[in-house]
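J.: Structure incoming, see below.
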Amino acid sequence: MTKKERFAYVLHYFETHTPNAETELIYDNPYQLLVAVILSAQCTDKRVNLTTPAIFAQYPDVYALSNATFDDLFPLIRSISYPNNKTKHLIGMAQMVVADFNGEIPATVAELVKLPGVGRKTANVITSVVHQQPNMAVDTHVFRVSARIGLTTNAKTPLQTELQLLKYIPKEKVHVAHHWLILHGRYTCVARTPKCGECGIRPACKYYGQLIKAQ
Ligand code: SF4
């Protein structure tokens with residue numbers, strides 16, 4: 001199977017089975033999504049969703065958050081990984097959005113990555129989820145699943161994975177393909193023991209093909 005055929009099979013499978021995949025983070029607007037995505041680094045979406053309602057109640061917009069003190073915000077984030085850094089990042093992010101972007105969450109990757117706590121992955125998530133821009137956020141699931149299936153070859157970094165995926169995924173499908181790969185990695189192609197027996201991608205999966213050959 002060529003790379004092109006593999007991509008075609010996988011995209012068709014997801015389009016047929018989970019056409020409307022979306023983020024599992026709970027949010028109402030770009031401000032809330034940005035807060036949630038910053039908090040989600042090295043943390044599960046489930047835990048983030050348990051934490052954000054109290055934050056959004058106390059800091060309903062970026063202006064309120066920009067006036068928060070470390071001691072006010074920290075207790076709300078304490079149960080999440082890296083609470084010290086994330087508290088500083090959230091306040092710093094809000095202050096910069098107010099000072100440099102008129103209180104509007106930026107809509108481009110180049111602007112977003114200037115904000116504290118926002119790297120390329122987070123910026124790609126915000127621009128693809130909020131604005132459906134063709135940006136591929138590569139987290140641990142996307143990185144692993146893409147390599148296993150054979151969508152990427154010898155990708156050593158998230159950026160290499162991102163660039164290889166963008167070469168083959170049609171632009172209009174990139175923003176949803178990100179969720180397809182994440183959710184597949186979270187629930188089926190899990191890290192330790194992928195659930196190949198219940199996976200519809202088997203016929204196009206490089207890892208599964210090698211598994212069968214070795215038997
Ligand atoms: S067949 Fe197995 S390794 Fe391949 S994508 Fe499915 S779960 Fe992952």
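Cβ atoms are placed via backbone N, Cα and C, with glycine included.
What TrEMBL lists as domain 'HhH-GPD' is 39-187. Residues annotated as [4Fe-4S] cluster binding site in TrEMBL: C189, C196, C199, C205.
Could you give the neighbours, burial and distances for every feature on this list?
T.: Under DSSP, residues within the domain 'HhH-GPD' (39-187) fall into helix, strand and coil as 100 helix, 0 strand, 49 coil.
In the three-state DSSP assignment, the secondary structure recorded for C196 ([4Fe-4S] cluster binding site) is helix.
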J.: Give the sequence-ordered list of residues that share a chain with C199 ([4Fe-4S] cluster binding site), lie 6 or more positions from it, and have CB atoms under 8 Å from its CB.
T.: T188, C189, C205, Y208
